[in-house]
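K.L.:
I have a structure here, written as structure tokens, and I will follow up with some questions on it.
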Amino acid sequence: ALEPLSVGLAIGVAYALTGYLSDPRFYCSLVECCPSAGHRLNATALKVQLDAKLFGQHLAKDVVLKAVMGFTNNLSPKKPLTLSLHGWAGTGKNFLSQILAENIHPAGLRSKFVHLFLATLHFPHQEQLKLYKEQLQNWIRGNVSACPHSIFIFDEMDKMHPGLIDAIKPFLDYYEHVDGVSYRKAIFIFLSNAGGDLINKAALDFWTSGKQREEIQLKDLEPMLSVGVFNNKNSGLWHSSLIDRNLIDYFVPFLPLEHKHVKMCVRAEMTARGYAVNEKVVQAVADEMTFFPKEQKIYSDKGCKTVQAKLDIHEDV
């Protein structure tokens with residue numbers, strides 16, 4: 001027979017071990033957990049990352065940083081945060097959304113609480129629009145039920161079938177609950193090339209008038225951008241109730257990148273690969289990029305999108 005002292009000691013150890021293993025701090029060190037209600041975003045860390053990795057986008061960095069910090073610090077937001085990022089390819093829209101996701105869910109795009117939708121992959125067929133709407137609603141409902149702080153990123157909005165995105169309108173509106181689920185702490189991000197021409201023209205107008213790009217403010221572009229994508233059949237937001245009902249909190253413009261910004265991208269890529277920064281290589285890669293307008297050649301027509309590929313051919317150097 002077991003001694004009473006031994007039995008009591010074993011029970012005590014088992015109880016303590018069970019308590020330790022069930023402690024959220026230990027459990028969440030092994031398994032990804034949804035952030036707690038009192039979780040606070042580290043504004044300093046987010047700003048440092050944006051400054052170090054996102055080039056030439058003073059406006060986007062400022063708007064998104066303030067919007068996200070204001071939203072996450074609000075214990076009882078009235079609606080989800082909804083951002084629509086616009087600009088030509090290679091200007092940093094995907095990059096910014098990834099950095100933001102990583103600062104809320106450390107696993108970033110690998111997190112089970114971050115959901116990326118690609119229009120051409122997930123919603124390819126116009127004739128299945130009704131099915132896509134139902135699937136999208138069910139997916140968002142299920143994931144927000146599991147984690148109120150879920151992030152949903154919709155890429156290639158300019159390739160999305162008109163009317164599809166309106167399926168999520170109830171989740172973005174000012175409702176406390178929809179079928180018993182609160183969506184108020186979720187974040188929705190739309191990425192689109194639509195509106196890029198408008199942004200580029202405005203940036204060129206500033207340059208022509210002798211103003212610095214850093215003087216461009218959100219009020220100079222946002223009204224024009226929201227109207228432009230609303231009336232653009234290839235925006236994914238054509239005549240969308242999300243715009244009509246003012247459910248998109250910010251239309252964030254990404255400016256075309258200048259020669260100096262392309263060089264910053266090259267240096268950052270060299271550093272990321274563990275190379276010493278070689279300014280001759282930096283210049284060579286930048287010189288291989290194409291710029292517009294044809295006469296002035298101010299802005300890169302692909303942003304920094306092909307920097308990695310072009311750097312590959314200089315690896316021997």
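Think of each number as a place in line: the chain as shown, counted from 1.
Just so you know, glycine gets a Cβ as well, placed from its N, Cα and C.
I grabbed these lines from TrEMBL:
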BINDING   Gly87, Trp88, Ala89, Gly90, Thr91, Gly92, Lys93, Asn94  ATP binding site
DOMAIN    257-312  domain 'Torsin-1A C-terminal'
K.L.:
Can you list, in sequence order, the residues of the same chain other than Gly87, Trp88, Ala89, Gly90, Thr91, Gly92, Lys93, Asn94 whose CB lies within 8 Å of the CB centroid of the ATP site?
P.N.:
Phe95, Asn193, Phe254, Gly303, Lys305
K.L.:
Count up the helix, strand and coil residues in the domain 'Torsin-1A C-terminal' (257-312) according to DSSP, in that order.
P.N.:
30 helix, 5 strand, 21 coil
K.L.:
Report the mean pLDDT of the predicted model across the domain 'Torsin-1A C-terminal' (257-312), rounded to a whole number.
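P.N.:
A mean pLDDT of 95 is what the model gives the domain 'Torsin-1A C-terminal' (257-312).
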K.L.:
Where's the emptiest Cβ shell within 10 Å among the binding-site residues Thr91, Asn94?
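P.N.:
Relative to the other binding-site residues in Thr91, Asn94, Asn94 has the fewest Cβ atoms within 10 Å.
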K.L.:
Taking the Cβ of Gly87 (ATP binding site) as reference, which residues of that chain separated by at least 6 in sequence fall under 8 Å from it?
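P.N.:
Result: Lys93, Asn193, Gly195, Gly196, Ile199, Pro253, Phe254, Leu255, Pro256.
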K.L.:
Among the binding-site residues Gly90, Gly92, point out the residue whose Cβ has the most other Cβ atoms within 10 Å, with all shown protein chains included in the count.
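P.N.:
In terms of Cβ crowding, the pick is Gly92.
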K.L.:
Quick check on the binding-site residues: of Trp88, Ala89, whose CB has the lowest count of neighbouring CB atoms inside 10 Å?
P.N.:
Ala89
